[in-house]
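All remarks here apply to the structure that follows.
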Amino acid sequence: MDKDNSVQEKGLFLSSWKLDNSKMAELFMECEEEELEPWQQKVEESQSKDDDDELIFVGEISSSKPAISNILNRCSPGSSSKGLKNGSFNPAISNIFKPTSQHYRNPSSNALVALPSFHPALKSSESSDGQTVSKLDFTKTSPQEDSGACSVSQSDSTQDIPSSNILQPRTGVDQTLGLKHPSTSKVNSVNPKKPKTSASISETRPCSSSSSQTAPSGASSQTVLSNVNTSSVQSAPGSSSLRSCPKCNVKFRLLDPLKCHMKRCCPDMINKFLETLKSENSKAVSKATTDSDKEKLIMLVSDFYYGRHEGTIEESQKTHTTFKCFSCTKVLKNNIRFMNHMKHHLELEKQNNETWESHTTCQHCYRQYPNPFQLQCHIESTHTPHDFSTICKICELSFETEHMLLQHMKDTHKPGEMPYICQVCQFRSSIFSDVETHFRSSHENTKNLLCPFCLKVSRMATPYMNHYMRHQKKGIYRCPKCRLQFLTSKEKTEHKLEHRTFIKPKELEGLPPGTKVIIRASLGSSQSRASSPPSSTIPSTSLQLSVPKSKSTTTKNNSKVSANKATTTSPQTVATTTGKPSASKPGTGTTKSKAKPSYKQKRQRTRKNKFSIDLKNLRCHQGSHMCIECRSKIKDFSSHFSTHINCDFCKYTTNCNKAFTNHMSSHNDHPSKQLYIFKKQSRARRGITLVCLKCDFLADTSGLDRMAKHLNQRKTHTCQVVIENVTERAVTSESASDGLFK
């Protein structure tokens with residue numbers, strides 16, 4: 001008869017389990033939001049796999065509180081008090097209060113009887129919705145109250161409790177049944193036989209009706225319902241990031257829940273706790289600041305990228321050899337004079353030929369430009385006695401801003417790169433003029449002859465002259481990373497191997513791991529960093545030598561400055577589309593219409609930013625990819641397509657940094673802001689005016705192209721060049737009048 005009743009109770013419990021299965025899923029979803037421990041998540045997986053075959057008991061308890069309180073929370077608030085007064089505990093419930101050794105002494109006898117008692121706990125866990133359920137004070141429970149609990153539990157197991165009778169959860173407050181929490185010491189003194197549990201959801205392993213599966217489930221419940229010390233060991237992996245309450249030692253991952261808990265648990269200790277927390281944070285910030293200052297090194301471009309190596313110091317044998325030029329049959333006394341003579345021959349031939357190429361080739365670096373105007377701009381901005389911070393001394397090219405120079409150095413050159421080599425003594429330098437000066441001073445009165453195009457050394461006059469003249473032909477191979485040009489592809493390939501780090505900068509030796517090196521184009525960029533607009537903070541770049549241990553303050557500041565700009569991998573070195581508008585600050589005479597961009601400008605800017613983001617987020621993992629603009633392999637999309645750049649002198653736009661650099665150097669090598677200095681000097685030396693003899697059209701030296709177009713459109717017109725001697729007074733008055741009209 002007992003077996004039939006137990007089987008009937010089991011069937012009723014299975015039906016209620018099917019009804020509440022959806023609510024059970026909701027319970028576990030909320031448990032996941034509360035960041036369960038790893039051992040709890042593992043039990044949840046086993047429940048989801050075996051919920052069709054086995055019965056599962058899920059209850060939610062708090063730290064050092066009895067687990068039986070969940071069983072009594074299955075009814076409505078009215079029925080719960082009634083059940084305590086009129087009934088006694090179920091024998092199965094009383095077995096839970098026993099130690100684990102007594103609870104599983106005879107598993108086969110109580111396996112089926114204990115099944116209905118698990119169902120109310122399941123209901124209570126569903127009604128709690130992941131919140132901590134309050135615990136009952138069992139010191140006030142009389143033996144008369146214990147007599148009716150069995151009838152209450154059995155009658156509830158045969159009825160379906162509607163969802164309206166289930167206790168609604170209260171977020172953040174533990175007030176179920178309006179009872180008070182007992183402290184840890186009280187629970188241990190009143191219920192000495194109850195097992196201690198941790199502040200998390202404890203679960204009893206599934207148990208079936210067979211006696212063979214009951215014992216393993218008991219063993220698993222002993223592991224879960226263990227003492228506080230065991231549970232603390234299980235949660236040890238995340239204990240480093242947890243903060244505990246100073247009174248009850250309950251641990252929290254976030255600070256706000258801990259504050260709410262301390263307001264209820266120990267309100268008198270919260271102020272002291274917050275002061276201690278602030279002092280710890282301030283110490284940590286100060287330590288991080290000092291560490292970041294120690295782990296930061298600021299270097300200039302000249303110190304980081306440029307270098308010089310003396311080579312083998314051996315005095316070459318002086319032979320006062322004469323050299324004869326077979327073109328003009330002139331005899332030169334030594335090798336240096338013969339080299340200068342060949343250079344003059346080249347200039348004379350260019351003047352006699354009067355070809356277009358002779359007027360578009362730079363006499364210093366032998367680069368060719370589309371027109372004479374761009375050649376003049378290149379000479380005045382690059383080959384000057386003034387040492388500007390926007391000139392790359394390796395390539396001998398000038399850039400518009402310091403940021404463009406830094407981007408060029410990052411993409412093209414290596415630290416301590418010395419591609420210019422003396423083939424006689426292996427003297428190396430990052431600057432071409434250093435090698436040329438070294439050769440003229442150290443190897444004078446020898447048989448060695450230096451080619452100014454490829455630095456090849458010859459020892460005979462005739463082969464040297466033939467080699468010299470072959471460089472004037474079109475079939476030459478230029479190095480894209482320096483000014484050298486070669487006659488064969490093999491020589492160019494061998495030279496490319498020299499574009500590497502030859503000698504590591506001395507400042508980088510012996511640095512601790514994690515040190516960040518900040519490269520600046522000039523010393524002035526660091527001083528104007530705080531007062532200048534955000535675009536002026538761009539000209540500093542950081543090179544991370546190893547994995548950083550702590551984030552430096554410089555990186556944090558630069559990330560804050562560039563927060564409103566396009567997202568890049570290195571925000572300190574990549575130009576943005578908002579750099580030019582930010583260059584003009586309020587107070588420089590700009591009107592409101594200029595300060596506020598129009599709808600069309602905003603739309604174009606949004607479109608450019610969208611293109612930049614799409615290119616940077618592009619990821620292709622299979623095979624190698626080549627950029628169709630610069631014809632180079634793409635290693636990283638985000639750094640290769642850093643931002644959308646527009647040319648100020650033509651309609652050229654691109655997202656490729658290398659393509660834009662090549663465009664500026666070959667097509668639009670225009671003068672920068674410092675070109676105004678040279679215009680003043682040239683105006684002081686000479687005043688040249690072009691006058692059309694048929695009409696009133698006039699043009700100065702800056703309008704040579706306009707005069708050429710004028711004469712081309714009007715075939716019958718002719719012009720005359722008028723050269724005036726401009727005095728210093730005229731230049732001063734002219735500059736003063738320009739200042740008045742501006």
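Using N, Cα and C of the backbone, Cβ positions are placed for all residues, glycine too.
Looking at the stretches 48-71, 360-383, 648-671, the one that Swiss-Prot records under the feature zinc finger is 360-383.
Range annotated as zinc finger by Swiss-Prot, chosen from 109-131, 477-499, 500-522: 477-499. Swiss-Prot lists zinc finger at one of the ranges 12-35, 420-443, 444-467, 708-731, namely 420-443. Looking at the stretches 277-299, 323-345, the one that Swiss-Prot records under the feature zinc finger is 323-345. Confidence annotation: the zinc finger (360-383) carries a mean pLDDT of 87 in the model. Packing against the zinc finger (420-443) from elsewhere in the chain are residues 305-314, 316, 335-336, 365, 393-394, 396, 450, 452, 455-457, 482-484, 498, 502: each is 6 or more residues past its ends and has a CB under 8 Å from a CB in it. Using DSSP to sort the residues of the zinc finger (390-413) gives these counts of helix, strand and coil: 11 helix, 4 strand, 9 coil. Below 8 angstroms of C-beta separation, residues 365-367, 394-396, 412-414, 417-421, 432, 453-455, 467, 470-471, 662 of the same chain, each at least six residues beyond the ends of the zinc finger (477-499), sit close to that stretch. Under DSSP, the residues of the zinc finger (360-383) split into helix, strand and coil as follows: 11 helix, 2 strand, 11 coil.
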